[in-house]
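This report concerns only the one structure given below.
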Amino acid sequence: MDWFHCNQCFRKDGAHFFVTSCGHIFCKKCVTLEKCAVCGTACKHLALSDNLKPQEKMFFKSPVETALQYFSHISQVWSFQKKQTDLLIAFYKHRITKLETAMQETQQALVSQDKELSVLRKENGELKKFLAILKESPSRYQGSRSITPRPVAITSPSQSVTPRPSFQHSSQVVSRSSSVESVPYREAGFGSLGQGGRGLQGRRTPRDSYNETPSPASTHSLSYRPSSASSGQGIFSFRPSPNGHSGHTRVLTPNNLAQRESRTTLESLPSFQLPVLQTPYQQQRQMGLPSGREAWTTSR
């Protein structure tokens, strides 16, 4: 220590030196007990020896040695703190990795839910539109479900009706009617039968306004007879010929026409053709019979 000397006489050699509380060094000759000889302040004195305390010895050591000692301590402190910091960083890195994985899964689920939500919104909009249409016109959809197509009987126009030669009248030809509504079955009286026949000839639909040629090969017959002179009602009787397969007779009167019309139509019968209506006077002239009410039959 080349810096060590007495602050009063500046000597370096000697065995006994003292240091004051005010920071001055004195040799044994220059030291004063009352006050410091350099600054004149009251102070305490401490004799320098090898038995000094560590906090007192540190002032007489080399700064490099003190620095190395402190650097070693600082390095230990820094290593300890760095180790703790590394552990904390590793924990945060692991946690960040887990959070990133969870975030990716959440994003995928969110995309899937967005697609499903868009589909549900589209379906909901369509259902709302359909519900609005149903609220506006509910009877139209209910009516369309309740209406079912009904079969329509169609008679081939190639089939024809042939009256008997003795009863055929060239001036009266009755066209086939397409439905039961176009045939007037009500007669005002037996005397107006000719007028009713002309009315049947006049009421024709455009599709059925053609004449048919009678055929002698017909197997069915149609007859008309008045029920009584006073009632003024006619009876149409459909009966097959002796060569036919059916053995029953169908009778249509103006009274039960409405009931028959609800169950079947005349066109549903096989090859139905309207008869040639004649007055009793014309029948008597053709047959050469005396006056009287007799049934007339038209072969089909």
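Placement of Cβ uses the backbone N, Cα and C atoms for every residue, glycine included.
According to Swiss-Prot, the protein has these features:
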{"type": "COILED", "residues": "88-124", "note": "coiled coil"}
{"type": "COMPBIAS", "residues": "155-169", "note": "compositional bias 'Polar residues'"}
{"type": "COMPBIAS", "residues": "170-183", "note": "compositional bias 'Low complexity'"}
{"type": "COMPBIAS", "residues": "191-200", "note": "compositional bias 'Gly residues'"}
{"type": "COMPBIAS", "residues": "211-234", "note": "compositional bias 'Polar residues'"}
{"type": "REGION", "residues": "141-251", "note": "region 'Disordered'"}
{"type": "REGION", "residues": "280-300", "note": "region 'Disordered'"}
{"type": "ZN_FING", "residues": "6-40", "note": "zinc finger"}
Taking a Cβ cut-off under 8 Å, which residues six or more beyond the ends of the coiled coil (88-124) line up next to it in the same chain?
none
So what's the mean pLDDT when you look at the coiled coil (88-124)?
96
So what's near the zinc finger (6-40) in sequence-distant terms, Cβ-Cβ under 8 Å and 6+ beyond its ends?
46-48
Summarise the zinc finger (6-40) by DSSP state, stating how many residues are helix, strand and coil.
0 helix, 8 strand, 27 coil
